[in-house]
Amino acid sequence: MTALRVSAVTKTFPGVTALDEVALEVGAGEVHGVVGENGAGKSTLMAVISGALVPDRGTVEVGGRAMDGGPNLARELGVAIVRQEPALLPDLTVAENLYLKVPPAHRPQPGAMSRWAEGCLREWDQETRIRPDARVSQLVAEERFIVEISAALSSRPKVLILDEPTEHLGERDVERLFDKVRALARQGCAVIYISHRIREVRAVAGVITVLRDGRVRGTYPVDALSESDIVALIIGRTLDATFPAKPALAPHASPRLELVDFRGVDLRVGPGEVVGLAGIEGNGQRETLRALAGLGGARGEVRVDGTAVRVHRPRSARRHGFAFLPGDRHREGVLGELSVAENIVFRNLGSASRWGVVSARRSRELVAATLDGLAVKAASESAPIASLSGGNQQKAVLGSILATDPRVLLIDEPTQGVDVGSKVEIYSYLRRLAADTGTAILVVSSDALELAGLCDRVLVFSRGAVVAELSGAELTEERITSAALTASTGRRQAAKGGAGRLLSWLAGDSAPAILIAATMVALGVYVATRNPMYFSAFNISSLLALVVPLMFVAMAQTTVMMVGAIDLSVGPLMGFLVVVGSFFLTAEDALGRQALGWILIVVVAIAVSALNWALVDALKLPPLVATLATFFALQSGSLLLRPQPGGVIGTRIVTGLGAQIGVVPVVFLVAVAGAIVLQFALRRSWAGLALRAVGSDERRAGMAGARAATIRLAAFVGCGLLTAAAAVCLIAQVGSGDPAAGTTYTLTSISAAAIGGASIFGGRGSFLGAVLGALLVQQILGAIPFLSLSTAWESYLVGALTLVAVATFSKSRQLSEVA
Ligand SMILES: Nc1ncnc2c1ncn2[C@@H]1O[C@H](COP(=O)(O)OP(=O)(O)OP(=O)(O)O)[C@@H](O)[C@H]1O
């Protein structure tokens, strides 16, 4: 039975025909390998099948149904995909990502999400210690792939697409994956397996389709082809040898690189020598390489050509002749928005410049030489590097690093995503570089065959120490794998010290609330020791009453910040609503007119926030500019309606809104209850997740089925409604239509939201944090008179606190991500 039928699909991009009349059929229970050179069109074809791209011509049918409804329909029809770059949302937790990625029918109750996610991960591997509550931005590439694969497996797919899933996986994980793939196929799932590791394709697939230049070159049963037959079909010629010959090294040459007790490793690497660092992931090999690149953890002595050097930062490592190719290309390798040429020039500013100015001629020559050197295929050098196929991105980044003319080259996964033909070119390029310039090369790779073929020596790591050294005849793929496996049985968890744990906690969601509460208590105690009147019932009750508008408007601001926007118009909107209210809510107004006033307040708030949304989403104005325009429009509107304050609000309304239970105003309790409900919805509902997902990464959230524009509209309208609530509380406080009433709330709302943990980049924030942030800001404002300080201190203290809070949260997030 045919599970997937692709008929005559054509897809073009400017300057490239990525797919040309492609046809493919995959039967239920079949594992179908798709192979081809870099840029052959494999990922584009998978994007079409999974609904992420619409073809120019041709059709895709899944289980007999035409696939014409984007990613959501594809998911509904049972298509699951593991992409070359896992499409995970960095600000959300592992559990939340898994939840969003599986089709709605397979999702657990939001409350049971964590336990369910643990089950999904444990199904992958009993030992895997990926915590369901870890934020995805804190995971290394291998872990991100495991999460992406677990999500695809947990969605019980009918068609499973795996696009180079093993580039970051160790030997055991690859085996584990193949077991799962075979089990799924036995249950009738159709699997498409894309990889440049031909051995893997042969091991798992029954049928192979070869793509070249966007066209299908043939479909064959795997058994009918040898490995070299497949290579010949892919690149159109046969290869003599994959790995270049290893030249004899000068026996007494003084070492180019020397490590003395560097993270416990002693090592001498001669000029032109290629040394591999192997081991099961997480045993210290990658960390050692990264430490040499200046990315942290450098302890011990490092000498280059006999001179001791410090490699505590990337800059200092570069200055001493180290060049580093990061293994996590998507996160650390490419600058996605910049062009191919800019990516190359940026890494070689020294050689591309003259008198400190980038020279057009030198840049052109540098870019041409780099692209030619590794035969990078790009529609144009001014195209964004993200539009290149994965393998071509890798070659472009590697080329830009090789062009820096290093004395020591540190390369992490040199050929990830690179096709068989280009791998051979890269290996011989590295060998030539080592032989011609004496560059010492250290390589980390999850592919033991690559290490055995490319390196003169391989050091095997276990628990941070070198446990075996292989060279000469001993240097085989089997020896590397067995040395790694016998030395350590599993992945080592990076042991987090006290500082690491503190950082993780600071980067988490509960830190802002706890830190604010602690600061409030400390401030309260301090002020009370200076002035005993501070804790009087009157003072507490007026503080709580005054803070309520700020609490609501801080929640409003948090809502839009969550989707990566900011709303400057909240303050003037509050003022405008107060002015509107002052025409309908006076003692003389009849009940009907008063009801109309309340309705108008809500309608105006919704209209203004919908306008803000339209400016941002339809006109594509930056939120800062769009809401600044509404800021001024609203302020002028208020002044036009009420050039002078006027319209006294009816006493019944003022006293009603000012009702208290003991010393606590009722509206305060309403605000707190609202914050609790919203916080719960933010963490435990699809809407809350979608809100954070869109703020975290709109494109990926879209792939998970979230409609970004609708969600942003909901966020803006939510912001408007919460601002209306703030305005209602303000009406009772001001008591009349004052056009300037709300203006100061714009900045204080941003401060309170940021102190509460919201990020202006979206994806993060907390309603409880915002409410506590508002309380702290108000507490500071209220404490100034008790300390007999001038009012200037209001700005100093609130400003400083905002700065400290934002710096602490963003820095801790940054550091915990690197860790
Ligand atoms: N968004 C895009 N904009 C412009 N060109 C694109 C875009 N996506 C893909 N291409 C081009 O389409 C062609 C096919 O790319 P695709 O990513 O499908 O190749 P691939 O076979 O998956 O390669 P690799 O093995 O390197 O991953 C390439 O020339 C690529 O540059």
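We number each residue from 1, going along the chain as drawn.
Glycine residues also receive a Cβ, built from the backbone N, Cα and C atoms like all the rest.
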Segment assigned the feature transmembrane segment in TrEMBL (from 131-151, 215-235, 740-760): 740-760
Region pair the transmembrane segment (502-527) / the transmembrane segment (596-616), three or more CB pairs under 8 Å: no
Recorded stretch that, among 533-553, 560-584, 661-682, 740-760, 767-787, has the most CB pairs under 8 Å to the transmembrane segment (713-734): 560-584
Candidates 596-616, 661-682, 740-760; stretch with most C-beta pairs under 8 Å toward the transmembrane segment (560-584): 740-760
Arithmetic mean of per-residue pLDDT over the domain 'ABC transporter' (4-488): 88
